[in-house]
Amino acid sequence: MFKKLRNKNRSETETNHSELDLHNIPEHIAIIMDGNGRWAKKRKMPRIKGHYEGMQTIKKITRAANDIGVKYLTLYAFSTENWSRPEQEVNYIMNLPVNFLKTFLPELIEKDVKVETIGFTDDLPASTLKAINHAKEKTAHNQGLKLIFAINYGGRAEIVDSVRRMFDDMQKQGYNSEDITESMMNQYLMTSQYPDPELLIRTSGEQRISNFLIWQISYSEFIFDQKLWPDFDEQELYDCIKIYQKRQRRFGGLL
Ligand code: FPP
């Protein structure tokens, strides 16, 4: 299940995707960006330095995904459970979208990337929300990669919220419980506009889902990559996609 760790020593310019089957690129890749804290700890640095480097990795991976034609990239940036971290760390993470967009929005616009979010964004600090909404407005008509930040997101909370809204609508419209279908449920999820991810990557070697897209990843391929998120790079993404391309997806059926 684990990808083998290799000793790689390469610069960004050495990466290439020539071994990828460009006709079999996952349309939607979801990533649990884990290991920022451990990356910093290994270097005797404060945890927030790991988050800062993690933000730089987001830039690299967005470029790389866009280059090979990925259509949706969903990144788990902050979970509904992450509020329990020390206040200083939470404040730092909440400021990262502001920093990220200040430095990267012009490139996102130029590359036709559309910024979107899933999660309970109304509960974010005003400055975070303002930066995100500004980026959404500026990229609203872009047609390329959808860069979707899951921020203040939790899969269980998403399902509860969706069921509540569905229940209210059903009551108003006189539906019965037998009328509920999977496709109806899909329409109420925060991801209703996106296909399910074909590939889910979690970095740092942890093998957990941590309440991420728990409905949507029912048939996704999972790759638990050993790299800590700040060390994850373009080539590692391409290597994950190569592994994905060798898998046989059966969706419960037979080949
Ligand atoms: C997990 O590592 C990472 C997070 C909880 C935060 C991830 C956030 C970013 C990379 C930046 C978000 C930026 C934007 C632009 C939205 P961890 O701290 O759990 O690492 P550890 O398991 O090694 O402690």
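Each residue, glycine too, has its Cβ placed from N, Cα and C.
According to DSSP, D34 (active site) sits in a coil region rather than a helix or strand. Counting every protein chain shown, 24 other Cβ atoms lie within 10 Å of the Cβ of D34 (active site). TrEMBL lists D34 with the feature active site.
The active site, proton acceptor annotation in TrEMBL covers N82. Following the DSSP three-state reduction, the secondary structure of N82 (active site, proton acceptor) is helix.
The annotation Mg(2+) binding site is assigned in TrEMBL to D34, E221.
Non-local contacts of T80 (substrate binding site) by the CB criterion (under 8 A, 6+ apart in sequence, same chain) comprise G119, F120, N152, Y153, G154, A157, N211. Residues or ranges marked as substrate binding site in TrEMBL: 35-39, R47, H51, 79-81, W83, R85, R202, 208-210.
Among the binding-site residues T80, W83, R202, I209, E221, no residue is identified whose Cβ is positioned under 6 Å from ligand 1. Annotation for I209 (substrate binding site): same-chain Cβ neighbours under 8 Å, separated by at least 6 residues, are I32, G155, L200, R202, I217. Per-site Cβ counts within 10 Å over the binding-site residues G35, G37 peak at G35. In the three-state DSSP classification, I209 (substrate binding site) falls within coil.
Less than 8 angstroms from the CB of W39 (substrate binding site) sit G50, E53, G54, L228, W229, P230, D231, each of them six or more residues away in the same chain.
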